[in-house]
Amino acid sequence: MNVTIQSSDKTHRVSVLGCLDSATDRTKVKKILAHASPLDLVQIDFFDADLLPGEIVHALKACLDHSINLKINTYHYLLTHSLMRLGFHVHQVSVKSTHSPSTSYEVLVLAGSANSLDKILHIIEALPLSKATIFVVQHVKEDQLNLMDQLLRVRTNYRVVMPRNLQEITPETIYVAPQGHHMKVANGMVYLTRDRPVQFARPSIDALFESLASEYGDKIIAMLLCGFGRDGVDGCAMLKKAGACVIIENSEECAEACVLPDAAIEAGKFDHIFTLPTMTSVAAAAICTDEFGMTNEHFGLFITAIYEQYGYDFRGYQMDSFKRRINNLMVQFGLPHFIDFQRAIFSDQSIFNRMIAEVSVGVSAFFRHPDQFRILREQIFPYLASFPVIKLWSAGCATGEEPYSLAILLEELGLLKRARLFATDFNAYLIEVAKTGIFPGKLLESSQHNYEKSGGVGSFTSFIQFNQQFLSIREDISASTLFHRHSLVDEGVFNEFQLIMCRNVMIYFKPELQKKILERFARSLHRDGFLVLGPQDGLHHIATETGFVPYIKGGHIYRLSHGGLNG
């Protein structure tokens, strides 16, 4: 049961698990809220939800209207944000973070067996030069030539050595375990021994891990890659006990050589299970000291890892803007180092969801840039009225004010019933906010002002319901808009739209990506259609290169160069 209620006298405590997807759960919550009496205390705890259905939001407001003492506790930042946005007083319960700041890492150790050579080379090649010391051990037969040191030297600026016995350990150096010997460390020295094989292996991963745990403790970040057998499993336990960070490669990447990572995962002595792109990004961040900073190269690894793990593609974004947003998030999370932020992002979906909500563009308003809406009202929509069905796409719609403004305009012109209005954004959270059709009441004055400047002949309030705290889009208006999550960066195109609006989104993209998206819009637009861009986007030159021509000078509205309507 997802909704539990405890009542005594005039106090009711409602505990809500899950996201209220079930109609039964929503009905139960609404029933207890509706039956509460004035001066009752109703405490409602939302443990899992990031957003509430509109009917629950209205039920909460009704409680306040009936003088019920309502106390709302939330456990997710996004829900806190969405309710406070609508004027509710909310208490966010502090949950002890499992992502505490790390100490600085002095040692990186990479270990593997079969199918791990190329992965070790890949990680090393991506590492920034730093003061770290790096140890590499791979199972090699004693009669097999070990070329690891030679392969590494052509891929890195680190000093690479296959050490001799009692060699002093120095920073900025990679130590490769030679075949036929265990490599251990103690008292600042490398020791090579011919002790018996461990788990049938010499060099042994366990032997190196155990000695590193004693020497460096929590200054180590260790990565166990593909392989066979169990050599390395006990070593992971020793490292964990010493406070090191232990990362196991996702065995799904290892094909038949999944035995070793699977055994380590089953033993449970690790911090994270990551794919190779994520391990590469984390390794680079772990040894990157503050003096080297968060370079674009390191950031590129991070963005690639995000794409591989979560499917969000930031590779075309302007790096400086994106990095500033990440830095702000790190401060909010209390994570001073990029490595700590990455560990949190890649191991906790809820943290990643919050990052997406924070870094994506969420600025919107009803009838924003009213001069453009006036052109739509007076010139473009009367022309589009000749089409039996009008297809419109609001791309990058954020919380939905733009597509709802289009729907209101279409309704005023008597075109809404013939329109198919699609609204997309790559931020799934913002799409869900938009679907509720509920907005802060403080937007009313500016919305009415923009509506009038856009040529509105009536009142903005005739298209909404307003209860002093928030406003709701009229049901027939909201039902006309179809919201979907969609990425302009890497997902397919639609076609045959008579109008596409994408405003103040591409300003955050690199020119190459701007051109790519405009080409997609060109393929998605009806030959007699219109593209509306944002006044701040600065895309006129790229738009004309991509086959668009201005419809009205300075209006930031375009049509295809072979279109059928002259501006």
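Each Cβ is built from the backbone N, Cα and C atoms, and glycine gets one as well.
Small disclaimer: the values here were computed from a predicted structure and weren't measured.
Per TrEMBL, domain 'CheB-type methylesterase' is recorded for 101-290. On the 0 to 100 pLDDT scale, the model's mean across the domain 'CheB-type methylesterase' (101-290) is 94.
Marked as active site by TrEMBL: SER113 (among others). In the shown protein chains, 25 other C-beta atoms lie within 10 A of the C-beta of SER113 (active site).
The active site annotation in TrEMBL covers HIS139 (among others). DSSP assigns HIS139 (active site) to coil, not to a helix or a strand. The Cβ of HIS139 (active site) lies under 8 Å from the Cβ of GLY112, SER113, ALA114, ALA201, PRO203, ILE205, GLY227, GLY229, ASP231, each of these being in the same chain and 6 or more residues away along the sequence.
Residues or ranges marked as active site by TrEMBL: ASP231 (among others).
Here TrEMBL flags 287-548 as domain 'CheR-type methyltransferase'.
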Conformational class of SER113 (active site) under the three-state DSSP mapping: coil
Count of other CB atoms lying within 10 Å of the CB belonging to ASP231 (active site): 27
